[in-house]
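Before any comments, here is the structure.
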């Protein structure tokens, strides 16, 4: 142990610290796996012994593969461990066999997991060539595909298959009385149907598609009640819809939790932190010459952006009061103009929907155009308004990161609200502005003249929106992106080259996905097969986007941070979910279901089937459920959950404070270490001097 | 398992499995890649632990490393004498640390070694300048380089000695959410 007191006179050195630590280690016998063993001029055999000693002293729990020792030493340690285990008692060798079989199992499951992961290889390739931001878009798309797939399994299992069985078996429908006028519903048009009408019907969901499993109107209100088996289709339909929403929300929250955990653990890293960019900016998995050069330009750009932000904030701080007033007035003006543009877009959508609903009976391709008018209006608005608002960014002069977030927020706001305006317009028409006493709605409490089966009509609108979105994506791909690449590659014109190949715009594409998923959620109650259509649509979209990415796009200069961006995507998806939930709850609870079609035709509201079936349950269950719903249970439950929430909030605050305290402690420890090292060096110098003196004398 | 491979003994494969984050199949595949680099130098039979090293110039031409601006430093950090010639042990070790299963602490240790150009166990300003120039292909002006290096040291230096020790580096890495996904080479 004496040799370990030899201290290299490096003055500022880590080797000096290391010797000091060895002293500490020898005395306290603690584990020290966090300190790298920087023995670069070491003697191998001595190090082997030390390595063996140190690893063994820290206990058998330390995994060998996690230690930062060179491989030759790790294998020597492993060999000595094996020899020790061979000499050990039978119980220990049984433990070793267990560990080995566990390891084999783990490797087999890992390989199986890699095999079954959907599109794993493609995602790796995308990440390597285009970076984490684009990869996060494709990961998000994959998540939505899996979510939709499980949703359609849910709906198929509980609603579709029982309906098919009961329809083919021919179970009797329950009849009830009601105004004769309201029960008239004839979806099949009389007379000859021209051949091209099939194509038109496919695109607009009318004709042969209207009275099919695709839409709400086809499902019957069969309630099977035999001795051993009972199935209530309306109740199943309702509960499946509610559970579908709950399932989607749970999946979203779990996924957000995973992403948020990383963000919280890293303390909400500040965007534009220089050390982050330098040390973690380079993606080691980057492949290819072109990708590397672009990555370098990307990092260069990021640093420039940060430097510019800094310069901007310094300039902003030094503005005079007059300039500040002008600046803020400009911002308020642009905000009002953006609001005005949005309002104009919403009004356009409102008018288009009204016009489309009034002229819905037209035949031929003109009729198809009128059917698709709301979709066209929404897509045009979502394209034109952000383009105009982008021009304001030059006047507003926010910092670049604020600009990106603001653009995103505006686009989300526009997309989801335009969908909301469409639904509001439909509601106005169906319920005559909510006025049950107006001329058209007085008989059946909904506008039965224009909407004999209003749920199917709403479902058709959502179906058309989904289809139109898909067709527009394909059209843009074929008509805009491929030609652009061909032009750029073959035309040496300077203007064309400056325009260049396009970049894969991640925020724009993600908003498209969020919009599509929101439409599906809104329409799922009225068009049960919409998740199936959406799954197929997203799968095709994945392959199309991958093809366009590899053939037409160049990697973006301005990137998206991949970890925090996942959270933003999921938050916007939750907004969409919220909108769809509002629509669903309102339809369930407030509007009179159509009396001519669907599983709820003889109920005052869709929800009223639940109390009706409730009274068929046994008395004990009824009492139990009453108790849970009563105030005696719910108020204590509410108070309890408030207490639990306060506890977690307090815990989070305490953790935050302790992290800050530990950081200051780290700083102090560092200073202590330097002070002690200096003391030891001084002491050793003092010890050497008397020795030298005594040597010189004698 | 009945594998008929004759490259390694079973004991060697078990040792590699315990000391790295790879499975049997991946280790054999790595040996194939290592052999491809220098077929005349690397024997196919490793059962008696041959002592051969593939030179640096051949390793940095691997497709996974070819375009990496830090390829020389990566290979040097994992070699025994710091000269960049890797034996098979060191080759496997390198890709094990850079694989996706390696924990953050282990990766931080080797990342520190990689960025420490003058091998003095500190990240001083010259190390940072070299790192920055390799990252941006020397497109920043010298004033910008100076500014960024100063800001980096200001952000990460905890003990106030104007350079980053391993503790400073590790503390900064622990706050980086992207580190695990970027410090990762797939092979």
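Just so you know, glycine gets a Cβ as well, placed from its N, Cα and C.
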Check your understanding: Under TrEMBL, which of the candidate ranges A:369-389, A:432-452, A:453-473 is annotated transmembrane segment?
Key -> A:369-389
Check your understanding: Between A:565-589, A:590-614, A:665-689, which stretch does TrEMBL give the note transmembrane segment?
Key -> A:565-589
Practice item. Over the span of the domain 'TMC' (A:453-562), count residues by DSSP class, listing helix, strand and coil in order. Key: 85 helix, 4 strand, 21 coil
**Study point:** Contact call for the transmembrane segment (A:401-427) and the transmembrane segment (A:565-589): at least 3 Cβ pairs under 8 Å, seq gap 6+
**Key:** yes
Check your understanding: Counting Cβ pairs under 8 Å that are 6 or more apart in sequence, does the total for the transmembrane segment (A:193-215) and the transmembrane segment (A:519-544) reach three or more?
Key -> yes
Practice item. Could you give the residue numbers and ranges of same-chain residues that sit at least 6 residues beyond the transmembrane segment (A:519-544) on either side and whose C-beta is under 8 angstroms from one of its C-beta atoms? Key: 119, 138, 141-142, 144-145, 148-149, 151-152, 155-156, 159-160, 213-216, 219, 237, 241, 244-245, 248, 419, 423, 455-456, 458-463, 465-467, 469-470, 473-474, 477, 513, 576-577, 579-581, 583-584, 587-588
Review point. Out of A:139-161, A:369-389, A:633-655, which stretch has the largest tally of CB pairs under 8 angstroms to the transmembrane segment (A:565-589)?
Key: A:139-161
Check your understanding: Any residues 6+ beyond the ends of the transmembrane segment (A:633-655) with a Cβ under 8 Å from its own?
Key -> 627
